[in-house]
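Q: TrEMBL lists these features:
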type	residues	note
TRANSMEM	12-29	transmembrane segment
TRANSMEM	80-106	transmembrane segment
TRANSMEM	118-138	transmembrane segment
TRANSMEM	143-160	transmembrane segment
TRANSMEM	166-195	transmembrane segment
TRANSMEM	207-225	transmembrane segment
TRANSMEM	259-278	transmembrane segment
TRANSMEM	290-310	transmembrane segment
TRANSMEM	322-342	transmembrane segment
TRANSMEM	354-379	transmembrane segment
TRANSMEM	391-423	transmembrane segment
TRANSMEM	435-457	transmembrane segment
DOMAIN	509-564	domain 'DUF6798'
Amino acid sequence: MNLSPRLRGWQLGAIAFLLIGATLVFYGYELGSANLRNQLPAIAFLVDTHLYPRDFYVQEMVEFNPRFFYYHLIAFPAKLGLSIAGIIWVYYIIAFTSFMLALYAIGKIFLSDSISPSILVFLGLTAANGTIGFTNLFRQEPIPAVLAMGLAIWGIYYSFRSRWIIGYSLFGLAILLQFLIGFIPGILFIPIMAIKKINDNKSSKSIIIGLIIWLIFAACVYVPMKLLSETDSQIITPEKFIHLYAYIRHPHHLIYSQFGLRGWLNFIGFVISGLIMMRTSSILKAEQKTNLQILLIFGLALLSMGYIFVEVIPVATFAKLQLARTSPFIQLLGLIAIALWVKQAYRTGNIPLGCLLISISVIKNSGIVLLIVAITLGISLNYSSQLKKTWIIAVLTGLILGISIMLCSYFGVIIALMYLGFLIRQNHPAIKSPWINYISVLFLILTLVLNYHYHLFLGFTLAYPIIACKSRLPKPLKISILSLLIITGIWSIPHRLKITATPHQPVEILAQRFQQQSSPNALVLVPPSDEKFRFYSQRSVLWSFKSFPFTDRGIIEWEKRMQSITGIVHQSPSVLDEQYRQKSASELIAVARSFDADYILTRRDWHPQLEGKMIDQAENWVIWQIPR
């Protein structure tokens, strides 16, 4: 970031360190998320094999599977005596830093200066639109997909630079951490590679080598599982696999018909907006426009295959690919287009447009509003008939106002007012009043504060080098802003950076106490929806809905245990909990005994009395020891 020629190397390093550190504080981190609680017991077993000896899920997950390399990357230093929580925290810092720097580098490719790419970094960390199927570009939890994204995002950067060997090697490394995060972007860039090969034979060698390296990494995950008969085996039919994997366990990732009309309208609005803004951008070169549009359209084609080959013509391989995970990469392309137009708006003096685009990006379910703004831009730039242009813009303004009224929220009012400011600047450039700009900036700040106030500090943090080095603000004011950011950051650390998974809820506290009251060999029957007891107690659990194995053998056992415990196979944990609640005390004990379980976790309002000894309780949660 070449902000000032007077800055030395160590000064730039210090600025970068403070910038990334402050951004991480305001972005947040959480170790104790549901996804992490589900992953960490397998890592704990690799470090200490006395833990979870009777937990079928943990025992399945420590066999070779797509998480193998992720688990061992954490377990290896933990065996040397380091804390698992500390190791994961360090890996997350590396991934977060890598993600930020890569977004900045990608921004420099398309925005061609040292300041504007910070807009793409901000959008990449805060954007609330552009994905479907509960997927994200980055998250506050150090799950495998997030750590893999720290590599894959650089693969995207080098692929944009046509450095295929480096790019696809990085995609390959990402595959080892989370298969889909490295595999899907590799597929996405194949059309661009094909065009490059046709237009430039000199690039053929690097393209072929890059693809071979990428496929070797993919084979490192798939081939061992195939040879060990852990995937695509004969013990489960493709139809049954899709039923259990897609419809029962992962409908939120795989069953497009369950994503909801609102979610699809928001996503489609975002995607079409991205295409319009790419086509109308005056900053992009012709080749860049073509490449971005090809990537986006091909990404949509991949996404559609997830519906066709899961719900229409079921194919197990496509279910495993979870092609909804294409949407974060589509989102990245759309965010590049938005960043381009924010820069373009600033260059042309249309500050309200830039503020409007950033505001829409961070407000959930505003893809249709973004589409209206993009259409307005397209019409303003391309329509020669002033009368037609006026009528169409009037209709679009009516739509914006209508949506604002339907939303019945301050966001609707703010967006409508910012849209009017944008129209005034776009269609009446002779109006020079600075108050339109000031009010738009105020509305942007209001949006960030009301939507998620840490976004405001994150934005200020990313903008501070610009404020410090490029503005004419008095030095005391610059120091005051920096002091405010530092004080706010220090105050926020305990709230934003949850480096340890401290128990707070009754079942978590009960589980932690149970660790002291039982042997490592204990096996506990827990309610189907529970995803905390195994993690906090470090004791084997009979079955839980969230703990879905990757192997065919494990999937069959998972279904068998669900049926034994609840009597049904269903996609809703709350429905399964109701089945658990309705079981009589004797039925619950019979289920536990059939699997040689030693304890039962339940609630007093579900089962006031069970045969056996009550070991402990926390509020309504109770642990009973089963008599022998």
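Count begins at 1; order follows the chain as displayed.
Every residue gets a Cβ built from N, Cα and C, even glycine.
Annotations in TrEMBL come from automatic prediction, not curation.
Describe the structural context of these features.
A: Counting same-chain residues at least six beyond the ends of the transmembrane segment (118-138), those with a Cβ under 8 angstroms from any Cβ of the stretch are 23, 27, 96, 99-100, 103-104, 106-107, 111, 146, 149, 252-254, 256, 259, 263-264, 266-267, 270-271, 274, 303, 322, 324-325, 327-328, 330-332, 334-336, 338-339, 342-343, 358, 360-367, 370, 452, 455, 458-459, 462-463, 465-466.
Within its own chain, the transmembrane segment (207-225) has Cβ neighbours under 8 Å at 64-66, 68-69, 164-165, 167-169, 171-173, 175-176, 179, 182-183, 186, 193, 196-197, 231, 550-551, counting only residues six or more beyond its boundaries.
Below 8 angstroms of C-beta separation, residues 132, 160, 184, 187-189, 191-192, 195, 242, 246, 254-257, 271, 274-275, 278-279, 284, 317-319, 321-324, 326-327, 329-330, 333-334, 336-337 of the same chain, each at least six residues beyond the ends of the transmembrane segment (290-310), sit close to that stretch.
Beyond the transmembrane segment (354-379), the same-chain residues lying 6 or more positions past its ends with a Cβ under 8 Å from any Cβ of the stretch are 119, 122-123, 126-130, 262, 265-270, 272-273, 276-277, 279-280, 335, 338, 341-343, 345-346, 389, 392-393, 396, 399-400, 403, 411, 414-415, 418-419, 421-423, 426, 440-441, 443-444, 447-448, 451-452, 455.
A Cβ distance under 8 Å defines the sequence-distant neighbours of the transmembrane segment (435-457), meaning residues of its chain 6+ beyond its ends; these are 22, 26-28, 126, 351-352, 355-356, 358-359, 362-363, 410-411, 414, 417-418, 421, 424-425, 485, 488-489, 492, 496.
The predicted model assigns the domain 'DUF6798' (509-564) a mean pLDDT of 97.
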Q: Over the span of the domain 'DUF6798' (509-564), count residues by DSSP class, listing helix, strand and coil in order.
A: 27 helix, 5 strand, 24 coil
Q: Check the transmembrane segment (80-106) against each of 12-29, 166-195, 259-278, 322-342, 391-423 and return whichever range has the most CB pairs under 8 Å.
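A: Answer is 12-29, with the largest number of Cβ pairs below 8 Å.
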Q: At a C-beta cut-off of under 8 Å, are there same-chain residues at least 6 beyond the transmembrane segment (259-278) that contact it? List them, or none.
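A: For the transmembrane segment (259-278), the list is 129-133, 284, 289, 292-293, 296-297, 300, 327, 330-331, 333-334, 337-338, 340-341, 365-371, 373-375, 377-378.
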